[in-house]
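Copied over from Swiss-Prot:
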DOMAIN    1-77  domain 'Ubiquitin-like'
REGION    90-111  region 'Disordered'
REGION    291-299  region 'Linker'
ZN_FING   297-364  zinc finger
SITE      325  site 'Histone H3R2me0 binding'
SITE      328  site 'Histone H3R2me0 binding'
SITE      477  site 'Required to confer preferential recognition of cytosine over thymine'
SITE      489  site 'Required for affinity and specificity for 5-mCpG sequence'
COMPBIAS  615-626  compositional bias 'Basic and acidic residues'
REGION    615-649  region 'Disordered'
ZN_FING   703-742  zinc finger
């Protein structure tokens, strides 16, 4: 097993070989120290967001083959001299740095720092301040640009960090230097907000009649940018045009969204009888007795702020009651309210914690692994046979234990028949690669299937000594009858086999009624369910049809018959006769060998495997060169040039791959898919690369939501292909934009399926739509 270690900045990546699943993190740190030269105490290792700690193994962190572990070099702080620290302490005690405290203490009623500038609170009036303490004003919300009714609670002036405070009577203080501390009347939870003069003005109190509203006039109107037909908040607006008929009055205006210059053009104002005049600065101050309050849009769209109506959105989400607001808790994650007596279990008092989370959002603190902590015990791994075994054998070096690095999603796991893009004759070095391709999913088991459905694939490996393999037809012995307790992979036959589990699954593929006593023979064997067959090099000792190395996909077979009999071990076993039924030629035939050459099918290795072998060979060569020669040899030593020539000969030449051939119907469907013409022009360039064409189609037409080949594709106006089901779920969540580029599609966007694209994908990936 090997992994890659990459520095956090991504500049240096090294491969570490000869590892095991049971390798300790402590040992991994030693290997990293040898490669990177980073001290042990300076290493911080991360894998999938977890910090790896000593005492655990790679298996505990589920580190897979060729996975990347990130290395962060811990910076050790420099130690300051003791004299320097004593000097700092003595300076502080002697009054060094006390100028800031003096200035703070001499800043009147109090001082604070905002945006790097000092604000000194003076009191009720500051120089040329337009408004005084307790004045009723309109204050602008800096995020929305809307105006809300507020009251001034204090006034201050702003000076630089090193400036001196002018006198209160100094008239040179400009309005921009005045800070108003206001409190919104309807939103006391926001506290006191500091605003400048441009965001504060006198409370609007004059409604304009229809005849006084002029085109070009700037007034204050009620508008809802999200729902224009509903009541919203109060914005400044410039009148664009007005129209009056016998039944209706219409006003269109440009709504101004704040001081930044943003605006909404040609907006229809619904509430034409509630248009306010903007008060000029310097007008008569309002008294504390406010005029009639303006009406804003409801905070809750569900209950329209009706106090008598129960609502689980703006009130307690359990009972919906609006009583006892002082006994409600607001979840800091989902923002839903809860009565303390509605919780399970109920609370007697409001908790004093700064943050509170509801039962659905709260994380179990006992399951959270903090940085520097050991991993929690996994119940799943504790039940494994390896956890209870007393054997000291290192089982973690085998390729069957590394786990899949990818998974086949083109077709579901219960797919019958060939896998799209995997031709007959494909070779893999290890069984885990066969699992990743989807041809045979189990890593170790010989039969893949379900006892109530059938068998999807099987592997011919070592098998039984009395199995017969004739290539196009072979006998196969079922599974079971062996004691595989603990972590054993194989054992001698010790009891009779039963027609259950995988044996029954393989029997269901036979086109005959199931019979668990005598077996059955198919009248029409071709009508049975197809089984994908993979031959392993371990079967070479029994069969000449097995590959010399690795695993080979040999095509589709059908079960002709199955029957029970006593094997050489003396116990009852179930035997199956399978016969080849595939239009692709067998890989051992003359036609099959020519097809393999045309398609350029060669042995497939895991990522990093060849590099690992090369590094091991270099290590062996270095060791042999470093070994002292005890006695002179009569033979001549080979020159490096000879070694290089032999190495060059061992590298296979790149074969010319046969082009992928499309049928006439497929070419017609591609031409009909006009919306994806640009994508198809790029994909068609891969026709000359044979089987890679199918992989390119899969990569190009991948749904960005489900990360699988699009099913019932909807080609958007921005030329992205999304599954109809995925886009429909997005629309139900009120997200009406393209998932790929966020282009606004609108609420009423039609979800029309691209039928030519669906047809061509169904032909290139037969069976991929099952289970979607």
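The backbone N, Cα and C atoms fix where each Cβ goes, and this holds for glycine too.
Shown here: features listed in Swiss-Prot, placed on the structure.
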| residue | record | contacts (Cβ under 8 Å, 6+ apart) |
| --- | --- | --- |
| 325 | site 'Histone H3R2me0 binding' | none |
| 328 | site 'Histone H3R2me0 binding' | 315, 316, 337, 338, 339, 340 |
| 477 | site 'Required to confer preferential recognition of cytosine over thymine' | 463, 464, 466, 467, 567, 573, 574, 575, 576 |
Helix-strand-coil residue split for the region 'Linker' (291-299), DSSP-based: 0 helix, 0 strand, 9 coil
Same-chain residues near the region 'Linker' (291-299), Cβ under 8 Å, at least 6 residues beyond its ends: 148-149, 185-186, 203-205, 222, 224, 230-234, 274, 276, 305, 314
Model confidence over the domain 'Ubiquitin-like' (1-77) (mean pLDDT, whole number): 89
Composition by DSSP (helix, strand, coil) of residues within the zinc finger (703-742): 9 helix, 8 strand, 23 coil
Assigned element (helix, strand, coil) containing residue 328 (site 'Histone H3R2me0 binding'), judged by DSSP: strand
Structural state census, the compositional bias 'Basic and acidic residues' (615-626) (DSSP three-state): 12 helix, 0 strand, 0 coil
